[in-house]
Amino acid sequence: MRGSTFLLLSIVGIYGAILNAAAWSVNNFLMTGPKAYLTYSSSVAAGAQSGMEECKFQFGWERWNCPESALQLSTHNRLRSATRETSFVHAISSAGVMYTLTRNCSLGDFESCGCDDSRNGRVGGRGWVWGGCSDNVEFGERISKLFVDALETGHDTRALINLHNNEVGRLAVKATMKRACKCHGVSGSCSIQTCWLQLADFREIGNYLKMKYDQAHKLEMDKRRMRAGNSADSRGATAETFHHVHSTELVFLEDSPDYCTRNASLGHHGTEGRECLQTGKNLSQWERRSCRRLSTECGLKVEERRTEVVSSCNCKFHWCCTVRCEQCRQLVAKHFCARRDAAVANHTKRRNKGHRR
């Protein structure tokens, strides 16, 4: 039993150690465990990894940028937290695992799973019927739940929050699914369509959950009942709090720090030394403001550094059949957050106190 538990804890890639390239090798944790776990473990690992990569993309220009040290979410971790950021990590990891299991099921990677054809032949709407090969999200949801939710063995508030946010991630996969259709009819008239459901691009799920992160709900617990030491009273307070929370809403318990300052014990690296964006093509308004958010509002200055970038250029096709390119060097201006005079920095941070992350 302990071996199976260790496999579950190891395989779900929401721990910092798992993000290490060497530790990420599936072979590292296929030493034990039931056959069912061995069947799906590589998909679970790949799904958790894709969730972490999406987290880093979504928070790339935020003060908290999804660092590896912040992803050690074991409920047995003494430093575990229940912040807004933790809620997103649980949701995106859970979504990544479900997404990959569902996709690999449709690709025929598992003997025990195939398309969801349960609705095939039924009328779906005016001019179309269910058919084709719908992605089997019920399968992905069921297996991902076995792996991801097994991390939470406790019954305390933090464990319940983590389980809730795991479910938000799984519901996000369902909420973003797309209907795809194929036309049928004489001479391409499309008099009737056959339609099926397919997974959205994972980036869309990331965007959806980022929106949920921005709208996340802070739980206000009855602290007197929580401190009373009565487990039944504590469970009652928790149940009452969750009664008003929607199933698709991310929740958190603790306010986040400003993430400006380095705190090694908590795994916060601060923003000093981080790159930020000021100029460039196709930058969003949020990206253009990254220097203000990461530097100015954190009491740092923006420092421009010129970096040499080497790229292939002047490529030509030679018969037959190679492409030869030259190596071009170009100086590119990049901007970084740097320390400024202490007095100026303290004045700036006081002035910007209260700004949103």
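Quick reminder: no glycine exception, Cβ is built from N, Cα and C everywhere.
What Swiss-Prot lists as signal peptide is 1-16.
Cβ-based neighbour count (10 Å, all protein chains) for Cys66 (disulfide bond) stands at 20. Positions annotated as disulfide bond by Swiss-Prot, on the basis of similarity to another entry: Cys55-Cys66 (among others).
Cβ environment of Asn104 (N-linked glycosylation site): Ser43, Phe110 lie under 8 Å away, each six or more residues apart in the same chain. Look at Swiss-Prot and you will find Asn104 (among others) tagged as N-linked glycosylation site, backed by sequence analysis.
Sequence annotations record features per position, and here Swiss-Prot assigns disulfide bond to Cys105-Cys113 (among others). In the three-state DSSP reading, Cys113 (disulfide bond) counts as coil. A C-beta separation below 8 Å, combined with a sequence spacing of at least six in one chain, links Cys113 (disulfide bond) to Cys105, Asn136, Phe139.
If you look up Swiss-Prot, you'll see Cys115-Cys133 (among others) marked as disulfide bond, on the strength of similarity to another entry. Annotation for Cys133 (disulfide bond): spatial neighbours Ser106, Cys115, Asp116, Asp117, Trp196, criterion Cβ-Cβ under 8 Å with sequence separation of six or more.
Of all the Cβ atoms in the protein chains shown, 19 others lie within 10 Å of the Cβ of Cys195 (disulfide bond). Taken from Swiss-Prot, the feature disulfide bond covers Cys181-Cys195 (among others).
Neighbour density for Cys190 (disulfide bond): within 10 A of its CB lie 14 other CB atoms from the protein chains shown. The disulfide bond annotation in Swiss-Prot covers Cys183-Cys190 (among others) and rests on similarity to another entry.
Under the heading O-palmitoleoyl serine, Swiss-Prot lists Ser187, citing similarity to another entry as support. When secondary structure is read from DSSP and collapsed to three states, Ser187 (O-palmitoleoyl serine) falls in the helix class.
A simple way to gauge crowding: the CB of Cys298 (disulfide bond) has 23 other CB atoms within 10 angstroms, across all the protein chains here. What Swiss-Prot records for Cys260-Cys298 (among others) is disulfide bond.
The N-linked glycosylation site feature in Swiss-Prot is assigned to Asn263 (among others); the stated evidence is sequence analysis. Counted within 10 Å of its Cβ, the other Cβ atoms near Asn263 (N-linked glycosylation site) come to 11, all protein chains included.
Marked as disulfide bond by Swiss-Prot on the basis of similarity to another entry: Cys276-Cys291 (among others). DSSP assigns Cys291 (disulfide bond) to a helix in the three-state reduction.
The Cβ of Asn282 (N-linked glycosylation site) lies under 8 Å from the Cβ of no residue that is in the same chain and 6 or more residues away along the sequence. Taken residue by residue with DSSP, Asn282 (N-linked glycosylation site) is part of neither helix nor strand, so it is coil. Sequence annotations record features per position, and here Swiss-Prot assigns N-linked glycosylation site to Asn282 (among others).
According to Swiss-Prot, the feature disulfide bond maps to Cys313-Cys328 (among others), an assignment based on similarity to another entry. According to DSSP, Cys328 (disulfide bond) sits within a strand segment.
Taking Cβ-Cβ distances under 8 Å and a sequence gap of 6 or more within the same chain, the neighbours of Cys315 (disulfide bond) are Val323, Arg324, Cys325, Glu326. As annotated by Swiss-Prot, disulfide bond applies to Cys315-Cys325 (among others).
What Swiss-Prot records for Cys320-Cys321 (among others) is disulfide bond, and it gives similarity to another entry as the kind of evidence. Sequence-distant contacts of Cys321 (disulfide bond), defined as residues of its own chain at least six apart whose C-beta falls under 8 angstroms from its C-beta, are absent.
The annotation N-linked glycosylation site is assigned in Swiss-Prot to Asn346 (among others).
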Near Cys195 (disulfide bond) in space, meaning Cα within 10 angstroms, which of the disulfide-bonded residues do we find among Cys66, Cys183, Cys276, Cys291?
Cys183
Highest Cβ count within 10 Å among the disulfide-bonded residues Cys105, Cys115: which residue is it?
Cys105
Which is it, of Cys183, Cys276, Cys320: the one of these disulfide-bonded residues whose Cβ has the most other Cβ atoms within 10 Å?
Cys276
Including all protein chains shown, what's the count of other C-beta atoms within 10 A of the C-beta of Cys325 (disulfide bond)?
11
